[in-house]
Amino acid sequence: MNTKYSYGKVYQVVGPVVDVVFEKQDDLPKIYDCLIIDEPNMKLHLEVAQLIGDDIARCIAMGPTEGLARNVKVTSTNQPISVPVGTEVLGRMFNVIGEPIDEKKPIDASVKRMSIHRPAPSFADQSNELEIFETGIKVIDLLIPYAKGGKIGLFGGAGVGKTVLVQELIHNIATGHGGLSVFAGVGERTREGNDLYYEMIEGGVIDKTALVFGQMNEPPGARMRVALTGLTMAEYFRDVNNQDVLLFIDNIFRFTQAGSEVSALLGRMPSAVGYQPTLAEEMGSLQERITSTKSGSITSVQAIYVPADDLTDPAPSTTFTHLDAKTVLDRNIASLGIFPAVNPLDSTSRLLDPSVVGIQHYQTARKVQMILQKFLELQDIIAILGIDELSEEDKLTVSRARKIRNFLSQPFFVAEKFSGNKGKYVPISETIKGFSEIVEGKHDDLPEQAFFYVGSIDEAIERAKTLTRNG
């Protein structure tokens, strides 16, 4: 690793963009190199974004630039931003440059560090085996099974439950699989990160997780790079420790948004809807590194904010192309009080294939989707004429669809204190058994309320008995 330092000075400051001038052309840093300002009242990291002429490096600040003056000395490290990796990062919380922000002891200087800018694994190194990743969440395991080492997107507008679903997945992975997780909080609320940290301590899963945050209030440079910081930590567990690791990114839209801000600050001509012209390339450079290799896997779950609930917006639609499974959260389902508010018809997974999940799982999932699709088509008739005008067959379809819709709801462990319902982890075998019995008509006599917020089908049967007793 090159540790030769060179020195320049601040030439111009325009918000988070800092121009640094170097006297010697040989001292000029490379693109992505890290520059450091270390003054008594300010410690700031910069990343080189452009080289102007023979002597100026235009940089993006990774922290606030208030109080920065011209002619301040700048040290060029002649290497990209590097962050700590390995088991020492577990149970800790970091910022974009790998500094601990949890007020615990500093990271030891002997801990290995890796550059956040790394090439994606070569095609020869990648693994193409398909394996189901059990989450314990019924609607996901049945209709949109996740792939081990795959990329999963959680699409939804504001307030439909993306972050809660991510937190539940972290809980279930840590308790059910004992797996390692890396959580990258990209441009989201500080309060949510704080809550997540203390919930993980309470749930006993913090020792299996590394947390990296670049919140909403931070400059665009930090929000643009924090996903790479988290990914670098995950890559070390995969490539060096040969482990399977989960990478949670909340929210990938903020990564795009920060890139758009930086692009505008650098004076690039905007593209569609005001986004940066390099949108697809930036997204690809992140997503191509998230993959399974022959040594281990990174399974990534990415919450994706959808601006104005418009899935055709360039930010979510660019992300679509990289995903194995799309989990769409729907405001209409949330308004019915059904959580997780996953839309079972809009959500898709390339793993829902009989050769991967098996014939019984595939047929049950398809029957569930057919019943729900028929129910959707009948909604207008019911709204205009009433349910009594339907044929007996259609009435039965509506009854089963409502039971399925209710049975797709599930109490979450991380929402126990809000809902008062004890969280449930449902194995795939129980999920398939429950839904296959509903579509076969074995529970046509049970009231639909019995299926609301239960785990397995046996709980629904018990709930029905209780409802009958209470009249």
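Don't overthink the numbers, they just go from 1 along the chain as shown.
Cβ from N, Cα, C; glycine included.
Straight from Swiss-Prot, the features:
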type    : residues                                                       : note
BINDING : GLY156, GLY157, ALA158, GLY159, VAL160, GLY161, LYS162, THR163 : ATP binding site
Most crowded position, judged by CB atoms within 10 A, among GLY156, GLY159, GLY161 as binding-site residues: GLY156
Shell list (ATP; ref centroid = CB of GLY156, GLY157, ALA158, GLY159, VAL160, GLY161, LYS162, THR163; cutoff 8 A): TYR305, LEU329, ALA334
Long-range Cβ environment of ALA158 (ATP binding site), under 8 Å and at least 6 residues apart: TYR305
Residues near GLY157 (ATP binding site) in space but at least six apart in sequence (CB under 8 A): TYR305, VAL306, ALA308, ASP309, LEU329, ARG331
Among VAL160, LYS162, THR163 [binding-site residues], residue with fewest other Cβ within 10 Å: THR163
DSSP-derived class (H/G/I helix, E/B strand, else coil) of LYS162 (ATP binding site): helix
